[in-house]
Ligand code: GRF
């Protein structure tokens, strides 16, 4: 039985999706703990309600990133996890922290990486005028929002989309791809070769949520 620790900073809807998929899907794994850097993170209550251990390592109680990351690692290691899942965890991690969990640290980022790392990804996508946007689950490496890509979800950007509408539509996709990626990991099915992630036996590593763009009234072909 593999042990998973999930790190959150807020709402925790991706964490919820993983908890529910793990419970429903008979994974060879259990969620050992949910840890937040914010005591007020809404997702902590969901975890408690589901009998999952929770803890808080408040970044505001630490003078610098290194001491916060050391305290966070201590809290994580108390659960001896096989996998650490970043699910809306809004802290930049030090190289030392990332190296400690190399090969067993996953993140979800709301863009089709390597496009649009960093914050405000939906605005970045709209400003760039891309017609395809999405989300990426990837192994974490020291470079922010980089690392081998496990699975992506893609959706089309519609003429009236706003950052908010994109975020809403994309979140549904995130809730499909993140549990799938975590399941592959705990089933021991992910292999990374030359920075490319393979699933063995193969399954689609792309989820398409294309609506085939509803054209505006009166639009000509
Ligand atoms: C998600 O959009 C995720 O991609 C990004 O932050 C958001 C977290 O949402 N990293 P939630 O806390 O999982 O609901």
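Quick reminder: no glycine exception, Cβ is built from N, Cα and C everywhere.
If you check TrEMBL, you get these features:
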type	residues	note
DOMAIN	2-182	domain 'Formyl transferase N-terminal'
BINDING	12, 13, 14	N(1)-(5-phospho-beta-D-ribosyl)glycinamide binding site
BINDING	65, 90, 91, 92, 93, 107	(6R)-10-formyltetrahydrofolate binding site
ACT_SITE	109	active site, proton donor
SITE	145	site 'Raises pKa of active site His'
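In this structure, residue 13 (N(1)-(5-phospho-beta-D-ribosyl)glycinamide binding site) is part of a helix by DSSP. Residues from the recorded positions list (12, 13, 14, 90, 92, 145) with a C-beta closer than 6 Å to any atom of ligand 1: 12, 13, 14. Taking only the Cα positions, the spacing between residue 145 (site 'Raises pKa of active site His') and the residue listed as 'active site, proton donor' is 7 angstrom. A straight line from the CA of residue 65 ((6R)-10-formyltetrahydrofolate binding site) to the CA of residue 12 (N(1)-(5-phospho-beta-D-ribosyl)glycinamide binding site) spans 22 Å. Excluding the listed site residues 12, 13, 14, the same chain places 8, 11, 15, 16, 17, 43, 87, 88, 175 with Cβ atoms within 8 Å of the centre of the N(1)-(5-phospho-beta-D-ribosyl)glycinamide site Cβ atoms.
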